[in-house]
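**Q** In case it helps, Swiss-Prot gives these features for our protein:
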- 38: active site (ACT_SITE)
- 12, 13, 14, 15, 16, 17, 46, 105, 106, 107, 108, 165, 166: ATP binding site (BINDING)
- 16, 46, 105: Mg(2+) binding site (BINDING)
């Protein structure tokens, strides 16, 4: 089993589209069982999108759902509940036992709280997952990545690689000015797997698979290998 946590520098950084692109590529080329696990979702969006894109071709797991689009402990408290970390772990173990690939989509960034004293970074460390960090390609992305990679190392995470995501259309000139790959790799001491281009048809599985293909080719043998799972 290969498992990986896809985290972002913030809410709306491109985690969901990246997970979908990687899953679409996997289903098209590996043809072995895969799952996307969204441990906690607050408000509608991600799981519904995945189910629209993949239907029955992919297991979409969401053990905890809360109505309010807030940080998980606050959303849970509104419903008189708490975030059961043990339930999340059980769901991951069950997914790992039955799938060749489990993409775990984080909530917000690595510092996002899952409980009152537990963050996404704690989950990544406790579950011993390699982390793929995605950041939106815009002005300021270099500083965001430097800050987040520093935080990840301070938390003793297995931060393995970076991805840039065009959440909006970006020109070649803007890409070069805002996100110089050599500069990012020098400062973060991590490989940039590539740029996930903006997709006009984000529910098109073929387009998603094509977008994920370059990232998978770069990641092969380093991030998503059964030995690391």
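Keep in mind that glycine also has a Cβ here, set from the backbone N, Cα and C atoms.
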**Q** Rounded to whole angstrom, what's the largest C-alpha distance between any two of 12, 13, 14, 15, 16, 17, 46, 105, 106, 107, 108, 165, 166, listed as binding ATP?
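**A** Max Cα-Cα spread across the ATP binders: 19 Å.
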**Q** If I restrict to non-local contacts, at least six residues apart, and a C-beta distance under 8 angstroms, what lies near residue 106 (ATP binding site) in its own chain?
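**A** In sequence order, the residues whose Cβ lies under 8 Å from that of residue 106 (ATP binding site) (at least 6 apart) are 5, 6, 7, 8, 15, 39, 112, 120, 123, 124.
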**Q** Around residue 14 (ATP binding site), which residues of its chain at least 6 apart sit with Cβ under 8 Å of its Cβ?
**A** 8, 134, 135, 136, 163, 165, 167, 196
**Q** Where does residue 16 (ATP binding site) sit by DSSP, helix, strand or coil?
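**A** Assignment for residue 16 (ATP binding site) reads helix.
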**Q** Whole-number answer please: how many Å between the C-alpha atoms of residue 12 (ATP binding site) and residue 38 (active site)?
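**A** Per the Cα atoms, residue 12 (ATP binding site) and residue 38 (active site) stand 15 Å apart.
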**Q** Of the binding-site residues 16, 105, 108, 166, which one has its Cα closest to the Cα of the residue listed as 'active site'?
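**A** If we rank 16, 105, 108, 166 by Cα distance to the residue listed as 'active site', first place goes to 105.
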**Q** Could you measure between residue 105 (Mg(2+) binding site) and residue 16 (ATP binding site) for me? Cα positions, answer in whole angstrom.
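**A** Answer for this pair: 7 Å between alpha carbons.
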**Q** If you count other CB atoms within 10 A of each CB, which of 12, 108 wins among these binding-site residues?
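**A** It comes out as 108.
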**Q** Count the other Cβ atoms sitting within 10 Å of the Cβ of residue 166 (ATP binding site), across every protein chain shown.
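**A** Other Cβ atoms found within 10 Å: 20.
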**Q** Let me know how many other Cβ atoms fall within 10 Å of the Cβ of residue 38 (active site).
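**A** Other Cβ atoms within 10 Å of residue 38 (active site): 24.
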**Q** Hey, of the binding-site residues listed (46, 105), which one tops the CB count within 10 A?
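**A** Its Cβ has the most other Cβ atoms within 10 Å: 105.
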**Q** Taking DSSP three-state, what's residue 106 (ATP binding site) in: helix, strand or coil?
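**A** Where residue 106 (ATP binding site) sits, the three-state DSSP reduction gives strand.
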